[in-house]
Amino acid sequence: MLGRTLREVSTALKQGHITPTELCQKCLSLIKKTKFLNAYITVSEEVALKQAEESEKRYKKGHSLGDLDGIPVAVKDNFSTSSIETTCASNMLKGYVPPYNATVVQKLLDKGAVLMGKTNLDEFAMGSGSTNGVFGPVKNPWSYSKQHREKRKQKAHGENEDSNWLITGGSSGGSVAAAAAFTCFAALGSDTGGLTRNPAPHCGVVGFKPSYGLVSHHGLIPLVNSMDVPGILTRCVDDAAIVLGMLAGHDPKDSTTIQDPVKPFTLPTSADVNKLCTGIPKEYLAPELSSEVRSFWSKAANLFESEGAKVIEVSLPHASYSVVCYHALCTSEVASNMARFDGLEYGHRCDINVSTEAMYAATRWEGFNDVVRGRILSGNFFLLKENYENYFIKAQKVRQLIANDFVNVFNSEVDVLLTPTTLSEAVPYLEFIKEDNRTRSAQDDIFTQAVNMAGLPAVSVPVALSNQGLPIGLQFIGRAFCDQLLLTIAKWFEKQVQFPVIQLQELMDDCSSDFEIEKLSSVSLKQ
Amino acid sequence: MAAPMLRWSCLGKRWVLACIDGGSRHGRGAAIGCTSRRKRGQSSVAQQPLITVQKSRKGEHEWAAVVGLEIHAQISSNSKLFSGSQVHFAAPPNSLVSFFDASLPGTLPVLNRRCVEAAVMTGLALNCRINKKSLFDRKHYFYADLPAGYQITQQRLPIAVNGSLAYSVSVGKKPSQVSTRTVRIKQIQLEQDSGKSLHDELRSQTLIDLNRAGVGLLEVVLEPDMSCGEEAASAVRELQLILQALGTSQANMAEGQLRVDANVSVHHPGEPLGVRTEVKNLNSTRFLAKAIDSEIKRQIHELENGRKILNETRSFDYKLGCTMPMRDKEGKQDYRFMPEPNLPPLLLYDTASLPPGADPQQVINIDWIRDRLPELPGKTREKLIQKYGMLPEHSFALLNEVGLLEFFQNVIKETGAEPKKVTSWVLNIFLGFLKQQNLAVNESPVTPSALAELLNLLDRKAISSSAARQVFEELWRSKGKTPSQIVSEKKLELMQDQEALERVCHTVMEGHPQVVMDMKRGNPRAINKLIGLVRKATLSRADPTVIKEILERKLLS
């Protein structure tokens, strides 16, 4: 049951094959068994069971709230959740219990979803590994998959398997791992520079970033306000569309959300790519791109062409400036957003009380890690009067140029862009930590950042397994507010590639009855 | 991008904060709730003695002072600029604080429509160009009563620019010599107020009250077109009246709804401007004038003694009557301005640019607001002068007290007395009584109807002027009695019986032959003595002019 998609399990709930409480308990027990993944910071067991119970009552009365009623979901620990600790994986917010729900969390709860817990991340979502949070790194469930283990055994015998686990990518690693390890049916991440889409392909799940303004970011503890978008992580594209339908729309608490009413997002079961024009940005053919990813990318392009779509090379001439531009804008907003963490109203406060200034300094020193402090320092440097024109203003202009690149491409005949999501498959932790956070973030977000700067919708879809038996994903980028078309194309593509399901039964023998893995692969891939 | 969202006032949630340990050495925070000292009658401004700004010594140039003002007016609105919490003066600490006001992470600003309308109204009243597109910025600094670590303001593109404010100052010795001056208005911007810090030196702790945090402010920047304290105070006073007439701010300086910072420098005319200082903490127009003049004097004194003026922030010590450097503003502040990413540009429309089918609750039409602007003080004064033949200084005086003009107009409505007489009674006697007892117009025991009735009696010559004065005093003391009642109780009505009065005159003349002789000899003071005696005999109930007529007639006969 746990291995099913959201839509399938929703049907099972409606038909009474399983009750919300049973489903919740199965997820809770799996969360406990997969604790070593470190996907969750807080497991809200009591709340979840209570919500499941209420959902069960509704089902009994025949008053179900819809597709999400009774569905276990997980939420990244940078979304405010009323009466559930929200830490951002930082000492600064350890013990902070918000008095309100983020709009997206409230919307999920209003639709009857069952909140399993808050998922792990890089501190304040600053990172691309989900490795630097104060609660430790998230481990990629694929490290323990049958597919990967078999491949690795063939290559290196006698290697210490336990120390060779892989990272998920970040910063929404906890949400991605939670969805990939079947502990929930959908998870919320946050996507600022690709933080939802970056880890998704590493864990073989769908990572969707909606258009900026389509989904409220009220209650999402900000990284870069002008780019932050709640991201949706699911095991298939259809599920992402269901969740988007629940979350999208104007929020009176977020002035950047669209005013126009939003139509429900239902994807057609069969799509016709005949009249579609797919653009391949030539600048994305980076030298660092792994040959495997490149090969899947071109296979995907061929697939579109063979099905009658037009595939053309396009140019995003300013793409190469995106990394530095992002750095200046991101750190500036970070410096500003982090100013509120002074130990007065909430969060960590040091013991020093010599003066207000000394208290600020010590509190912030103790509360933030090196990465956060480093970004605050750079950001404040860029915002200084003497630097503002040279850095911040220039970066804003470059951001506009990058956004214009996309506008130009979409104003020609292109409907959707097809790009890699990441340079390669997931890397082992020991490999990953050889580089510092800044270098890593700059490397790992190159295909995803530009989309955030332009506010466009994008989705990463898992494609196939690498030689290492690890997932590889590709990204589709759509026109602003054409999220439905984008997801329709992604769904069509997903159906063509038949990505295999993760096989974790070795690890969780006693759960095998819950998984029904063999049956599953036929269920989720052939609709 | 989404269009700007405008919020209608709604109730905010409450958020209670704990106190903060750890002392602070700042001097900025004012004590909370220091309102016992009530301030009335800001009209004293015009009577401020002018400090000699220009000082000439042998072989030396004259000095000229340059004064610019930054004025923060709290917008009169039910809720805050970006949150739904309510706005009340002197509410229990931290009782009006929403999650946004306390800067809880993840909360976002939502612009209050009422505050935008107030800014547009004020901009129009001050002859500004209203920017159809304006932007919000973050201004960063760490301070305990600024929870987010930044203030949202409009630094790059404010809502209104390039206006002007006309005000009057008295010139020469007579108060009637009024001269009109104009100060340019650089800009009006919308911004958030900060909270308040209360420093408890004894326990070495700082207490924070966030009730004020996030209240909407209009920052009005006046160009340095003024040259002394009196000009600055008069300009502020006029702005205060305009804001009150518009209803956009209560603009009460004592309650902190209007706060003024002055930029002051001195130079020799024809030479570049001098280094300026900023004078803060000015909570009345009287102290504003004093502070500026003392700062001008200080700067001249410093420069004449070969010292330099530092670009610094100073505060006015009203006990010592001079400005002192403020310790906490030492060192250069870099506010690290940045665009506010959570608020789309604020777009305003006029009738021509209004998008068809726009929801009237979501858009603001500048023309609509312009058409509904109330009458401004300048216009009101002009009308008073035209309609009642009033002296300009009287029109100023009538507008200077809250409610006085309305009182005056209500009296006029119910009396046949000459407007000049009414003006004189309202401004001299009525206002004098109010001032003496430190009362506001609406606290007066004398109603406009009572005063009107009294003036009618006077006008009909039913009572004498001095009796009228007595009636007024009685009205003030014993609330509820009508003037006619008092007149009859106290037997103050004038003797209407001509024959009786002639008999009294006759008796008095017979009783004082010496005085009559003097009068006949042409001593002009003698008749006054006789008039006095007759009045005394009639218990002051006879009209002196009538007595004089009778006496003169009798002398000739």
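Backbone N, Cα and C define each Cβ position, glycine as well.
No curator has checked TrEMBL annotations; they are predicted automatically.
Listed features, source TrEMBL:
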| type | residues | note |
| --- | --- | --- |
| ACT_SITE | A:Lys76 | active site, charge relay system |
| ACT_SITE | A:Ser171 | active site, charge relay system |
| COMPBIAS | A:146-155 | compositional bias 'Basic residues' |
| DOMAIN | A:25-145 | domain 'Amidase' |
| DOMAIN | A:166-487 | domain 'Amidase' |
| REGION | A:139-164 | region 'Disordered' |
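Residues of the domain 'Amidase' (A:25-145) grouped by DSSP class, helix first, strand second and coil last, total 47 helix, 19 strand, 55 coil. Compared over the active-site residues A:Lys76, A:Ser171, the count of CB atoms lying within 10 A of a residue's CB peaks at A:Ser171. Over the domain 'Amidase' (A:166-487), the average per-residue pLDDT in this prediction is 93. Taking the Cα atom of each, A:Lys76 (active site, charge relay system) and A:Ser171 (active site, charge relay system) are about 9 angstrom apart. DSSP labels the residues of the compositional bias 'Basic residues' (A:146-155) in these numbers: 10 helix, 0 strand, 0 coil. In the three-state DSSP reading, A:Ser171 (active site, charge relay system) counts as coil.
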